[in-house]
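Okay, so here's the structure we're looking at.
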Amino acid sequence: MGREVLMAAAAALLVAALLVVGVSAHGRKGLVCTKELKEDGCNKTISDLFTVQTFEDMFKHRNDRAAHAAGFWTYDGFMAAAQMFEKDGFASVGGDDMQKRELAAFFAHVAHETSCGWSMAKDGPTAWGLCYNQELAPMKDYCKTGDLLYPCAPGAGYYGRGAFPLYWNYNYGPTGKALKQDLLHHPEILAQNETIAWQAAIWYWMTPAKTRPSPHEVMIGKWVPTKNDTLANRKPGFGMTINIKASDVECGHGDDPRMLSRISHYLDFLQNKFQVQDPGANLDCGLQGVVPLAYASI
């Protein structure tokens, strides 16, 4: 009996010690542990670094009367999607500053691509992201005929929808496959279900293709340029994420205003919303050789 009492007491002490240092059966409380970077340990969760107030400050006009997706985009919807990718490394590696840089970069692209702001807009042009959740009055259906892997569904239109507006059947197909959603037959899901819209954007952010790294790999310093990348002046930094997202549309020809808009969003979000002053090197892609197939089938 005495031995059982001692064992019970020891177990109680162990539980108490774990509670003191914040450890649970699922890892340390308030931390997320990944295997993304060898030298990295456990880091704060996204919810610790990115609060609802920061979200509101970034997207303060998303529910204005001028917004075309008023009521659609929410902090909770983003967090529900983000937490599905957190243990894969999304905004959860490298320590506070790196995590915030990745979030600022991700949201800079989201805000630029869904903005209805303008240069003289109230609170500035970077305050009007998440104004849209789909393209209005698309001029075509973005169906690439003859695609055997992801054939177009009758009557479906594959125009821009979501937080990273998705185009073409050959992009809706693999995205839907990864998310276990039939986006080929029901592309409208991305404009109807907010969490899936965020999931699609984060999945793209996290997933490399044959011709390019993922934006996530670039922002955490995991991507190492190849010889061809070096010859093309493609370097690690936010500018490379623009090259991945926009390629020859915005990169390789100097100060494209759309490229500059993405940079402005990134700097505003990082320095003013996340309070991190160092944005890293190589912010633009104006002199970079373009990445082939920026939004490529994976």
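The backbone N, Cα and C atoms fix where each Cβ goes, glycine too.
As recorded in TrEMBL:
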- 1-25: signal peptide (SIGNAL)
- 51-285: domain 'Glycoside hydrolase family 19 catalytic' (DOMAIN)
- Glu113: active site, proton donor (ACT_SITE)
- Cys143-Cys152: disulfide bond (DISULFID)
- Cys251-Cys285: disulfide bond (DISULFID)
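Each residue contributes its Cα atom, and for Cys285 (disulfide bond) and Cys152 (disulfide bond) those atoms are 33 Å apart. When the disulfide-bonded residues Cys143, Cys152, Cys251, Cys285 are scored by other C-beta atoms within 10 Å, Cys285 scores highest.
Cys152 (disulfide bond) sits 25 Å from Glu113 (active site, proton donor), counting Cα to Cα. Straight-line distance linking the Cα atoms of Cys251 (disulfide bond) and Cys143 (disulfide bond), rounded to a whole number, equals 25 Å.
Glu113 (active site, proton donor) counts 22 other C-beta atoms within 10 Å of its own C-beta, drawing on all protein chains shown.
It is 21 Å from the Cα atom of Glu113 (active site, proton donor) to that of Cys143 (disulfide bond).
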